[in-house]
Amino acid sequence: MYQPHFWQRSIGWLCGGLLILLLGWTIAPATALAAAGVDNYVIQYLKVTDTVELPVNDRGETKTFTAVDLTRGKRLFEENCKNCHVGGSTLPNPLVSLSLKDLKGATPPRDTIASLVAFQRSPKSYDGSEESYSCRRVSEDWLTTEQLETLAAFILRAAAVAPGWGVESFPDSAP
């Protein structure tokens, strides 16, 4: 009967151990993020597992947001904005989405944390000429400034990197 040499058994154990270590090393970060309450969308589509810097204003100042912050922002978006802004589109006005291009093109631009918070506190039409009645005014009693900043961070990150966010047209899904 064939008996493997000691070194052959050792290599087998070493390979098995390395495989287990490698699997643990690749699975552990995702498991840790999930345990911290990070939404998989934030990891997979917003590509944030740690922190991200986002523009606070047009003077180049930035603020750091964590994956947990963006998860909270996503939750706020789902609870308060998703009915009109599915996937970054704008159902009441499909010509103006939450794409980065459209956010930058608004008057005034809405492509920073501060400008999005200001818009949500006092919504204006896309050209800035009049009050917007299609977007609800968000009072301090409804969402705090910190919550609005977190919501704005989610929108800006999605607009920058999420596939399909704010696309201009949807494929016809009818058979």
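Residue 1 is the first one shown; counting continues down the chain.
In case you wondered, yes, glycine gets a Cβ from its N, Cα and C as well.
As recorded in Swiss-Prot:
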BINDING   C81, C84, H85, C135  heme c binding site
SIGNAL    1-34  signal peptide
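In this entry, heme c is bound by C81, C84, H85, C135, whose most widely separated C-alpha atoms sit 10 angstrom apart. Ranking the binding-site residues C81, C84, C135 by other CB atoms within 10 A of the CB puts C84 at the bottom. Long-range Cβ proximity for H85 (heme c binding site), meaning a same-chain Cβ under 8 A and a gap of 6 or more residues, is found for F77, L91, L98. Listed in chain order, the residues near the heme c site other than C81, C84, H85, C135 are N80, K82, N83, T90, L91, P92, L98, R136, each with its Cβ within 8 Å of the site Cβ centroid.
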